[in-house]
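If you check Swiss-Prot, you get these features:
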{"type": "BINDING", "residues": "Arg20, Tyr74, Tyr142, Asn202, Arg399", "note": "substrate binding site"}
{"type": "COMPBIAS", "residues": "179-188", "note": "compositional bias 'Basic and acidic residues'"}
{"type": "COMPBIAS", "residues": "198-208", "note": "compositional bias 'Polar residues'"}
{"type": "MOD_RES", "residues": "Ser40", "note": "phosphoserine"}
{"type": "MOD_RES", "residues": "Lys172", "note": "N6-succinyllysine"}
{"type": "MOD_RES", "residues": "Lys263", "note": "N6-succinyllysine"}
{"type": "MOD_RES", "residues": "Lys263", "note": "N6-(pyridoxal phosphate)lysine"}
{"type": "MOD_RES", "residues": "Lys339", "note": "N6-succinyllysine"}
{"type": "MOD_RES", "residues": "Lys367", "note": "N6-succinyllysine"}
{"type": "REGION", "residues": "179-208", "note": "region 'Disordered'"}
{"type": "TRANSIT", "residues": "1-29", "note": "transit peptide"}
Amino acid sequence: MNYSRFLTATSLARKTSPIRATVEIMSRAPKDIISLAPGSPNPKVFPFKSAVFTVENGSTIRFEGEMFQRALQYSSSYGIPELLSWLKQLQIKLHNPPTVNYSPNEGQMDLCITSGCQDGLCKVFEMLINPGDTVLVNEPLYSGALFAMKPLGCNFISVPSDDCGIIPEGLKKVLSQWKPEDSKDPTKRTPKFLYTIPNGNNPTGNSLTGDRKKEIYELARKYDFLIIEDDPYYFLQFTKPWEPTFLSMDVDGRVIRADSLSKVISSGLRVGFITGPKSLIQRIVLHTQISSLHPCTLSQLMISELLYQWGEEGFLAHVDRAIDFYKNQRDFILAAADKWLRGLAEWHVPKAGMFLWIKVNGISDAKKLIEEKAIEREILLVPGNSFFVDNSAPSSFFRASFSQVTPAQMDLVFQRLAQLIKDVS
């Protein structure tokens, strides 16, 4: 693929940082090399000397001596080598990307670690979006992505979707305003990429089926656009077998996949990873070299030690426990909604993730209801207009998260909300 046509002038202009290059060399160099190159501080002046973390199974992860010094030091902009290796093998096991054995020029799969999935997404958007570019999205969409893209000046086209995600026929109709060959003409403003959360979409909780993904991928091939597969809830799918991913069917090297460990290991450690064609991953890393320099070394080492301790089977067993927890939480909030909101509101059963998307009947705009009156009754929810490109337009929806609240709290919130809806109707 010709990736240069997708890149912004800023991204094309990025060059390797000479100082960061020495860090990459040091990460692969033999231990006896004497380096006066990097401006790394001497760990003797660091006040922290050791750390011990206790895992839920009672085992420990211990940092001391050289290992702890390394944890407190600068590291590779790609991510630490051992974590990169572990995550690459995980991607191969879970997705078996067709591009694994491609040459770099053909779109060979590569991977880099980012400071959380959001950091990776922002770098992807800044790599791809010029002012005036056309971007495909399915509304409602994740507000973090929406507000990262908006300042870059792109033109959004919303693709029809339902409780099974993007509707391929709707996407086909949107694309019919162009001819496939128009992608070779920059003045035609053909779509540069499709952005979507395929599993447990934030805020709707819906998931895209494998069959629909295949149809969408073929349309991406026909009209030559990229697919940004933002999948932070991949490990929170409530039914098995899990649906195949866009990455698993990417024969062209046109999928950029964003993964997160926030939902199953820790959100505060800020470790995510981006998988995609090598030439695009390199562009993301060049951005990291001059922004944050690298993801947090201590966070990466903590997660790496844990993953190697668990192994793939142990990690996936932990994922299954997380799924069981969130599935129970989902069932609790559905029971509370059915008890108090039946007849007052409508919702679909989330297939993954941690959100329930609710439409209030008989109210055209729930913004004031949620932002003012609900808070007066000591309940906090997110109004639906936050998840639309035109967030000034009225929306009768709101988002409820079921990740942290107890069943009793869910019941109380919906009891208060039901009374509030009745009061204003």
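The backbone N, Cα and C atoms fix where each Cβ goes, glycine too.
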Annotated substrate contacts Arg20, Tyr74, Tyr142, Asn202, Arg399, maximal Cα-Cα distance (Å, integer): 42
Contact set, same chain, for the transit peptide (1-29): CB under 8 Å, 6 or more residues outside the stretch: 35, 37-39, 74-78, 80-81, 107, 126-130, 186, 192-193, 226, 252-254, 277, 279-280, 283, 286-287, 289-290, 293-294
The compositional bias 'Polar residues' (198-208) - residue tally per DSSP class, helix then strand then coil: 0 helix, 0 strand, 11 coil
Cβ-Cβ neighbours of Tyr142 (substrate binding site) (radius 10 Å): 20
Around the Cβ of Lys339 (N6-succinyllysine), the count of other Cβ atoms that are within 10 Å: 13
Per-residue Cβ crowding (10 Å cut-off), top of recorded positions Ser40, Asn202: Asn202
Recorded positions listed as Arg20, Lys172, Lys263, Lys367, Arg399, least Cβ neighbours within 10 Å: Lys172
